[in-house]
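Database features (Swiss-Prot):
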type	residues	note
BINDING	A9, Y10, S11, G12, G13, L14, D15, T16, S17, G115	ATP binding site
BINDING	Y85, N121, R125, S173, E258, Y270	L-citrulline binding site
BINDING	T117, N121, D122	L-aspartate binding site
Amino acid sequence: MGKEKLILAYSGGLDTSVAIAWLKKDYDVIAVCMDVGEGKDLDFIHDKALTIGAIESYILDVKDEFAEHFVLPALQAHAMYEQKYPLVSALSRPIIAQKLVEMAHQTGATTIAHGCTGKGNDQVRFEVAIAALDPELKVIAPVREWKWHREEEITFAKANGVPIPADLDNPYSIDQNLWGRANECGVLENPWNQAPEEAFGITKSPEEAPDCAEYIDITFQNGKPIAINNQEMTLADLILSLNEIAGKHGIGRIDHVENRLVGIKSREIYECPAAMVLLAAHKEIEDLTLVREVSHFKPILENELSNLIYNALWFSPATKAIIAYVKETQKVVNGTTKVKLYKGSAQVVARHSSNSLYDENLATYTAADSFDQDAAVGFIKLWGLPTQVNAQVNKG
């Protein structure tokens, strides 16, 4: 009787490479690597998995699907965990889990493995998502089971013919996709240490950024960014392009001590140039086009959605319901913003929309004023009536 098939979420790094060598004794390992826009050498990763002992190796380009179905709902909801983190890694885990489950069904695998430790959020995100999509699949976490130190991993790798990555001395743990880059470990673990320049990878230091500001126009249609400077492109390409444009101006650096799902605090360095520009630009179009009641209520749901996504509940009914509400609000979010990029700052300096609720004739203090000021007297009387009655009854 042959071995059971196992789908491994493969990154090409030391942990998941050692996992292939460890798992192949009991399973037929099928390595699956998802391209979510991190810019890795995917051909090398594909071949490396086979060299170590995977029976099959797949590279899945999911950039467009990731952008359209995961990043876009988060953008439209201004999803920022603890009002600071645009959910870079948290957004990619659901689509990775989804594709792992699809590959398990396609290949007849009964088990999925991931390379997460027992200390981070991602183990929860993967396993909760997989259980939501197919509760019959078994999930194992080799790295969590080993509890090995890095030196023990290297010893095992050398003994089992696993190639040692060239950047093994890099003290940082980095995760990247088209929505941004996350960095932790090394000197960053001490929150009193300023992050050294070497900790950043996709943004220039604001001090080294160009001395001249750059202005860009971003066009939105139904809440979706569709063009930069009138050049239309897919959402994935637009985000990747904006990462380069804004990154060279030092935009999107975030230094955050966050509350992890597993109960500890963690210091993270994020670089999210496109995300920070798009979040600011999108909010400005909403400010023009949404009625006051929606503008005031939507942030309550935005905060809840941010927590749901961070806390591994992308596939929960609550997440689905909030995303549906947000999508309904986006029908009028059409227009263009002009954004000034300069030394770490992205400032929206102009905006217009065919759905704008801003009426200059109502807002102006010039002779063109069309606001009926006589109506204010009755409005004030009725608006303040409950307060007035309370004061009369309760003496203030």
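Note: Cβ is positioned from N, Cα and C throughout, glycine not excepted.
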* Structure fact -> Cα-Cα, D15 (ATP binding site) versus S173 (L-citrulline binding site), nearest Å, comes out at 12
* To do: Among the binding-site residues Y85, Y270, point out the residue whose Cβ has the most other Cβ atoms within 10 Å, with all shown protein chains included in the count.
  => Y270
* Compare the C-alpha of Y85 (L-citrulline binding site) with the C-alpha of each of the binding-site residues A9, T117, D122, and give the closest one. => D122
* **Inter-residue Cα distance where the pair is E258 (L-citrulline binding site) and S11 (ATP binding site), in Å** => 25
* Relative to the Cβ position of E258 (L-citrulline binding site), how many further Cβ atoms are located within 10 Å? -> 18
* Structure fact -> Span of the recorded ATP site, as the biggest CA-CA distance among A9, Y10, S11, G12, G13, L14, D15, T16, S17, G115 in Å, is 13
* Widest Cα span across the L-citrulline binders Y85, N121, R125, S173, E258, Y270, in Å? -> 19
* Output, ordered by sequence, the same-chain residues six or more apart from A9 (ATP binding site) with a CB under 8 Å from its CB, or 'none'. => T16, V32, C33, M34, I96, L100, I112, A113, H114, G115, F126
* C-beta crowding around S11 (ATP binding site), within 10 angstroms -> 19
